[in-house]
């Protein structure tokens, strides 16, 4: 399961890893919360939505975008609050969470750690064989996180085993 955390829009996706680098899309969506709603209610709505996804798809692992510093402190705080709620939902179900920075995801998917949103959307559409690009960008980002983890998990497992 790939999650692009956000309080206004949170991208959610589920993919199935195949042999080699084959990855198959299962579901993608976005949870929206109104900005005029109190933060605690928005977080509760996000928690309930991700819980429903856990019920519906029973993912074995979550790939979550790591919060990084942006110029807007309020945005960073809201994203961090959302990430905490999402990690809590996974932890309550015993689902491991793996975090990736935006540049790690971009490098994995496009080969360029500085790829723009349009390039990332084109790449994830092509990689997953989608007939149209996922919208909004939060949905594409959630898929990219899931694919990134599918591709990196075997290597991460080997590295951990040897250290």
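Using N, Cα and C of the backbone, Cβ positions are placed for all residues, glycine too.
Residues or ranges marked as active site by Swiss-Prot: 4 (among others). In sequence order, 10, 11, 12, 65, 138, 139, 141, 142, 145 are the residues of the chain that are 6 or more apart from residue 4 (active site) and have a CB within less than 8 Å of its CB.
Annotation comment: Swiss-Prot describes 4, 138 as Mg(2+) 1 binding site. DSSP classifies residue 4 (active site) as strand under the three-state reduction.
In this structure, residue 65 (active site) is part of a beta strand by DSSP. Among the features that Swiss-Prot reports, active site is placed at 65 (among others), with the record citing sequence analysis.
According to Swiss-Prot, the Mg(2+) 2 binding site annotation covers 65, on the basis of sequence analysis.
The active site annotation in Swiss-Prot covers 138 (among others) and rests on sequence analysis. The Cβ neighbour count for residue 138 (Mg(2+) 1 binding site), using a 10 Å radius and every protein chain shown, is 24.
Residue 65 (active site) is surrounded by 25 other CB atoms, counting those within 10 A of its CB over all protein chains shown.
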